[in-house]
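Notes follow once the structure below has been shown.
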Amino acid sequence: MSQLALPVHHENLALNPKHDHDDIEFEELGLLPADVPPVPSLRGIPLKYISLVTLAVQNSLLTIIMHYSRVSIPPSQSYSAPTAVLLNELLKGSISLAIAFARINRSMPYTSDTPQLPLTASRFWHPAKILQRVRRLGREVFSPDCWKLSIPAILYVIQNNLQYVAATNLEAATFQVSYQMKILSTAAFSVLLLRKQLSASQWLALLFLAIGVGVVQIQTGVSDTSKIASSLLFRGASMNALKGFLAVVAACFTSGLAGVYFEMVLKNSQTDLWIRNVQLSAFSLLPALVPIVLTRPSETGLISSLFANFGAWAWATVAIQVFGGLVTAMVIKYSDNILKGFATSLSIVISFLASVALFDFQITFTFILGSVIVLIATWLYNQPGRNPSPSRLTYVGKN
């Protein structure tokens, strides 16, 4: 939270020596409760809690719907995962572009060639005003340092394609727990690239995380009951647990590297976050197209191969991914790492319960043990240390 240079009323402190706990915290910062700006809220509920609960539900829905959309039909009738990744980037980039265009109007100074119109809709849609905003938006999107987003863009495309491979070959609950390894990869790259200092409790949490994911994978490898249940329920679709786990490991690696690199770019520039999202999506289009062109049948056209077998569940998966990208921006703005840890824990629990109810997932002692260890590790890693790192943003994956 940025500190505000607000006046301190020392006479109030002298006359009222007794303050509650919140007042004392404000005084330590040189602020009084009356000087602190109101917390953003919706119908009295702080936006940080709304965004985190929404993100937890979105993560769970994405895992469940992505898994169902991949295994509920025979592999020969499955939709193209690269097409879903491409559509995700197109939609997310378009929405980010619209938001960035709207935000420019707030901070753009007037010039001599721009009419000084009253604060009405006519000024907003005035041709000269629109042209000026379009020009500025173009300059910001195609800024000299926009090429820096090409590296995380390629990594995120690889990560998103690997997510589909993992969701096809792992149960939803197993995938959700295993995917928390992105915390481990993000921490490792933060230490290497950002010189971030981790506390002893955070290192211990990373050790617990690795142990917990290992326990979950052990039960996945020794138990074939989930495969049998899935084969009976989803008309012969089979899953390869080893292939799914390797895809998760690779996805976590690319997620951690891309997230830390994206953080480096944001911290070294003053460019708006939505502009960076537009640049990220723009650089993602070409690498997202490559697997589509390489894998399409020679006898079919590009457009027809793009949307082959692309049904309602495929569109639902794309829509939830796009929605998650927008919610993540709210979490970055309104929340902190501690609450994000609780959101992660909540999404794991929701995915677990949904897998039991919808996919006949077999509950085993080892899975519960591994999940509990991962939950504890997630909570422990996000606890504040005595010497917090200067880094204030930690991007654990794109969604």
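Glycine is treated like the rest: Cβ placed from N, Cα and C.
Unlike curated records, TrEMBL annotations are generated automatically.
Between the listed ranges 154-173, 274-293, TrEMBL ties the annotation transmembrane segment to 274-293.
Counted over residue pairs separated by six or more positions, the transmembrane segment (365-382) shares at least 3 Cβ pairs under 8 angstroms with the transmembrane segment (203-222), which defines the two as touching. Sequence-distant contacts of the transmembrane segment (274-293), counting only residues of its own chain at least 6 positions beyond either end whose CB sits under 8 Å from a CB of the stretch, comprise 80, 82-83, 85-86, 89-90, 92-93, 96-97, 99-100, 103, 140-141, 146, 149-150, 152-154, 156-158, 161, 262, 265-266, 302, 305-306, 325, 329. Outside the transmembrane segment (203-222) by six or more residues, the chain places 170-171, 174, 177-178, 180-181, 183-184, 187, 241-242, 245, 364, 366-367, 369-374, 376-378, 380-381 with a CB less than 8 A from a CB of the stretch.
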